[in-house]
Amino acid sequence: MLLQSLWDLILGYNAWLMSPFFPVLFSLSVYLAFCLPFVVLDLLSPRLAWIRTFKIQRKSHVSWTMMWSCLAHSLYNHVVFLFPLTVLHWYWRPASFIAEAPGTLRLIWDVVACLLLFDFQSFIWHLLHHKVPWLYRTFHKVHHMHTTTFALTTEYSGAWETLSLGFFSSVNPLLLGCHPLTEMLFYVLNIWLSVEDHCGYDLPWSTHRLVPFGLYGGAPHHDMHHLKFKSNYAPYFTHWDRLFGTLHKSSD
């Protein structure tokens, strides 16, 4: 009943959902909303010592210039590349929504399946773009301009990286036959985990602290990747890096 009520509420904005503007504005709004708390922490950390205790790289400082550079780059990618492709997709495959919400167990299963599939795709993509020098120099090097991660570095990347990873996250719900509500919730979760990965903070409630047995790497895992470059290629979980021998723990 809760999912149906939520879905009925969303369907009340059907005209907006059908708009070609919705996908880009939805993803951008969610992204900026998730970045905002970490931006506030970055601005306060030079003045408040207790905030710095949670920073992974405690001597690092995030300036306004760094933040604006990342934000402007992200906005540029959304306007110049993502929006035109979204309009083409809207024209080619108009959105359609069914009245019935998905079941709770099916929704959870599909979100987890989308997340695991995206994690695998991103791991292979990321590994190749580090192992093949031409791919790294041409496409991925932009994202590694910052060896200290902060929330707005999440989408600081070239057009190819933005589009290819965006393609993975968009196509997976289609491949798995997910309900539109499941698709939206997966997008929200995926954006949150990406931002948290790059936030630069190891907070008591961080996702990697909630998932047992070290199965989820989180911000320390990905921050180490930006420092070492040759380890921790999976965005979220640690099993692929374990299998390929590319896992590097911060305590190593």
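Every residue, even glycine, has its Cβ placed from backbone N, Cα and C.
Residues or ranges marked as transmembrane segment in TrEMBL: 20-44 (among others). Same-chain neighbours of the transmembrane segment (20-44): 51, 54, 62, 67, 74-75, 78, 82-83, 86-87, 89-91, 150-152, 154-155, 184, 187-188, 191-192, 195-196, 199-201, counting only residues six or more beyond its ends whose CB sits under 8 Å from a CB of the stretch.
Beyond the ends of the transmembrane segment (65-92), by six or more residues, the same chain brings 20-21, 23-24, 27-28, 31, 39, 42, 146, 150, 152-153, 155-157, 159, 162-163, 166 to within a C-beta distance below 8 angstroms of the stretch. According to TrEMBL, the feature transmembrane segment maps to 65-92 (among others).
Residues 3, 135, 140, 164-165, 168-169, 172-173, 175-176, 178-179, 181-182, 185-186, 189-190, 193, 233-237, 240-241, 244, 246 of the same chain, all 6+ positions outside the transmembrane segment (107-128), place their C-beta atoms under 8 angstroms from a C-beta of that stretch. The transmembrane segment annotation in TrEMBL covers 107-128 (among others).
Here TrEMBL flags 111-246 as domain 'Fatty acid hydroxylase'.
Across the domain 'Fatty acid hydroxylase' (111-246), DSSP helix (H, G, I), strand (E, B) and coil residues number 97 helix, 3 strand, 36 coil. Confidence annotation: the domain 'Fatty acid hydroxylase' (111-246) carries a mean pLDDT of 95 in the model.
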